[in-house]
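Enquirer: Here's a structure for you.
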Amino acid sequence: MEIGFAAASVDDISEAYGATKGIIYYHFRSKSALFFGVQRRAMQMTREAIEPHALSAQPAATRLYDMAYAHTMLMMRQLSYLRVAAQGLELHLSGRTSARERAELEAIMALRDGNETLYVKVIEEGVKNGEFRAVDPKLSVKPLLGALNWTSRWYRPRPKETDKDRVRIATEVASFAMQALLA
């Protein structure tokens with residue numbers, strides 16, 4: 001997101017993608033449709049990364065750690081895509097939108113809420129069984145997700161960085177995020 005949604009033209013997007021405008025318009029009828037496609041896919045990728053851990057039979061603390069780890073790894077592996085999604089959605093929410101765009105945003109927010117609910121349910125279970133402190137899961141999930149999603153703001157791949165380096169980073173971020181909840 002070098003110049004932002006409002007300033008970027010479909011010409012800019014096609015040039016960055018290495019495609020023609022025609023190819024972009026073949027798949028998306030407008031710049032907004034492309035934007036919403038990116039948002040939906042970002043939410044789906046996040047769901048695919050965290051849901052298996054959320055639904056596993058492991059203790060809540062293990063599941064939450066695994067979700068946070070997978071979320072952070074996804075952020076690093078799909079950095080450009082998820083950075084655009086995270087920053088773009090916030091900018092779009094603050095701007096003027098048409099009725100169609102508001103409907104698209106509501107659908108995307110429902111996907112985001114569904115992902116958040118997976119975290120909330122695991123936190124609720126952990127509080128109930130004593131693995132986590134007595135916190136309000138719906139409130140506590142906000143700073144937890146803030147820590148995970150902020151990875152898209154500060155993380156930059158380094159020269160010669162390996163997957164082992166990313167594993168170390170994801171381990172540290174997930175451990176840090178968990179500390180606030182542990183009993």
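Cβ atoms here come from the backbone N, Cα and C positions, even for glycine.
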Enquirer: Would you mind telling me which of 9-28, 49-68, 69-88 TrEMBL tags as DNA-binding region?
Expert: 9-28
Enquirer: Would you report the average pLDDT that the model assigns to the domain 'HTH tetR-type' (1-46)?
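Expert: Reported value for the domain 'HTH tetR-type' (1-46) is a mean pLDDT of 73.
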